[in-house]
């Protein structure tokens, strides 16, 4: 019997091609029946399918559907349109498809496969890919089906549009088995350094960073009829913390590039000075992504085709209601009653997810902000224009305005954390009696102690799985990205009490602000980026804790971003790569360390060993061995509580009651060490690139 896992995975292959053609590197053919044919091939599809099948080495039989699924809403999205979860109409479509596929009885994989084949042939390919990925991730019987790397199936969302004409030529001219020269993606293809924001293009346009954002929202969708798909443990708080860390990391990069911290978008009626020209084409719609000219302004949105009829006044009213909730420390429910406001509830209110306690009162400020920004060029659909990159989860982080918008969103969360209703931590919550950190350091092979080394690397990604209607065989695009030398943390601890467990929390932050002045803790606490968090045993007496940078619970392994590359021999998590689906939303390992500067950027390295009795999550059936540990701090754990009882970002998520600087904040169970991040401004070829 054909392996159903492999068959389900093949539905990701070449998403704009019909299933009557062979799929996968081995040219497998789905044996379509008349009821499963795409609409455009109902007259001659069987004959074409049979013709392709004559040369196929693998044939996949499909169970006929006596009652094919119906998609009255989702089928209204043209197959050549682009899809955005930020648009209310598209949310309705996605909800319909997810409902239908989730409701197919469990362990009826033949029925599921045929239904997915039917849906794939009738729905917009981007809509289907999103819904199909969510379904595979959330059905118990499909969790072992690998979700295809999105950059391989829809490469046009990540790479310069000029690359695809070259890619088709390469696929057409070079027979399979003949080495194919990679297509070089320029480092500066969206702007020049005349535009100061372009200094951050290496970061904003990084494939791994954009994949992170897309995958996180796949694991944490904000809408679905099945509430359990959305209502994961501490989901709203994780929405806050994941985006807060993005802003902190972005500000670190800005300071390293001699720029000020990002300015929040506070006045929603003022012009947006930042322009962005993405230089991307959609292979689905065969159109270029619309640019945004400098100094454009938000306009009231009236686009019935997208389900959008929202005014700036609506947004300002919802904003006032959110700010009132923060200032009062309470959330008002639809029946007029109130309850105390917490960070998890606020996260769901601001986004807003279906978990928002009062959507009518608090609106959907975050999501609509993306839509306002994406349609500044055509707010009323007068010109039949598509949305900009900021309205697509896979491209939104490319746009400089994403960070200005999220700086405002984060500021609202910080006001809650700084309010009188969120108590600063007491000493007893911060200390760990009997535990004293005596020294901390970072060690990088070939570098002095406490120096982290970054450099540029050129890596290849295979475009062929998304290169529809072209010959098979790998077609590589080579692009340049930031990377760093692997390093390790060395932490020496004296435990004067009994043997115990402790949570090690590791952060770094720039030592000085953009004016080269020492930080006040009220500002620096928002600049600390969490590098790792893990639980370790302490024996009585002296302990030395060593931890490899590749073990971080915030990141996914390097080769998970560049999926076709062979496993890194020094990555201790390589055996767990099959468990990528849920934990794959972590931060890319190659972007763990900020760029630094060639002269050496001064940073501070903070380590805290917190009291495990206050950190521990007691959960029935909890096992110390979890199959998927990668990025658990950013992604949580499947079907489990978030693996840390403390507030996300602890101990820097709240202002200090007494300390005015990070030096004042240090207790015996903490340590601070000056480190340097030095950029070696050269490009190294990835030794794991396929030979060409």
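Glycine too: its Cβ is placed from the backbone N, Cα and C atoms.
Neighbour list (residue 243 (Cu cation A binding site), Cβ cut-off 8 Å, at least 6 residues apart, same chain): 406, 409, 410. Secondary structure from DSSP puts residue 243 (Cu cation A binding site) in a helix. As annotated by Swiss-Prot, Cu cation A binding site applies to 213, 217, 243.
According to Swiss-Prot, the feature N-linked glycosylation site maps to 256 (among others). A simple way to gauge crowding: the CB of residue 256 (N-linked glycosylation site) has 21 other CB atoms within 10 angstroms, across all the protein chains here.
Under DSSP, residue 295 (N-linked glycosylation site) is assigned to coil, being neither helix nor strand in the three-state scheme. Sequence annotations record features per position, and here Swiss-Prot assigns N-linked glycosylation site to 295 (among others).
The feature N-linked glycosylation site is assigned by Swiss-Prot to 309 (among others), with sequence analysis given as support. Taking Cβ-Cβ distances under 8 Å and a sequence separation of 6 or more, the neighbours of residue 309 (N-linked glycosylation site) in its chain are 301, 302, 303.
Taken from Swiss-Prot, the feature active site, proton acceptor covers 351. In the three-state DSSP classification, residue 351 (active site, proton acceptor) falls within a helix. Taking Cβ-Cβ distances under 8 Å and a sequence gap of 6 or more within the same chain, the neighbours of residue 351 (active site, proton acceptor) are 222, 236, 239, 364, 366, 367.
Residue 366 (Cu cation B binding site) is surrounded by 22 other CB atoms, counting those within 10 A of its CB over all protein chains shown. According to Swiss-Prot, the Cu cation B binding site annotation covers 366, 370, 406.
Annotated N-linked glycosylation site per Swiss-Prot: 494 (among others), in sequence order, evidence recorded as sequence analysis. Residue 494 (N-linked glycosylation site) carries a strand DSSP state (E or B). Its Cβ taken as reference, residue 494 (N-linked glycosylation site) is surrounded by 15 other Cβ atoms within 10 Å in the chains shown.
What Swiss-Prot records for 583-628 (among others) is disulfide bond.
A coil conformation is recorded for residue 585 (disulfide bond) in the three-state DSSP classification, outside any helix or strand. Swiss-Prot lists 585-635 (among others) with the feature disulfide bond, giving similarity to another entry as the kind of evidence.
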Report summary line: If you measure between the CA atoms of residue 494 (N-linked glycosylation site) and residue 295 (N-linked glycosylation site) and round to the nearest Å, you get 57
Query raised in the report: Which one, from the binding-site residues 217, 406, has the smallest tally of other C-beta atoms lying within 10 Å of its C-beta?
Result: 217
Report summary line: Listed in sequence order, the residues of the same chain lying six or more positions from residue 370 (Cu cation B binding site) whose CB sits under 8 Å from its CB are 86, 390, 391, 396, 405
**Report entry** Rounded inter-Cα distance in Å - residue 256 (N-linked glycosylation site), residue 295 (N-linked glycosylation site)
**Finding:** 26
Query - Cβ-centroid neighbours of Cu cation A site 213, 217, 243, 8 Å, sequence order - result: 212, 214, 216, 239, 242, 246, 393, 396, 397
Report summary line: residue 295 (N-linked glycosylation site) to residue 213 (Cu cation A binding site), Cα to Cα, whole Å, comes out at 27
Query - All-chain count of other Cβ atoms within 10 Å of residue 213 (Cu cation A binding site) - result: 21
Report task. State the three-class DSSP label for residue 213 (Cu cation A binding site), counting H, G and I as helix, E and B as strand, and everything else as coil. Result -> helix
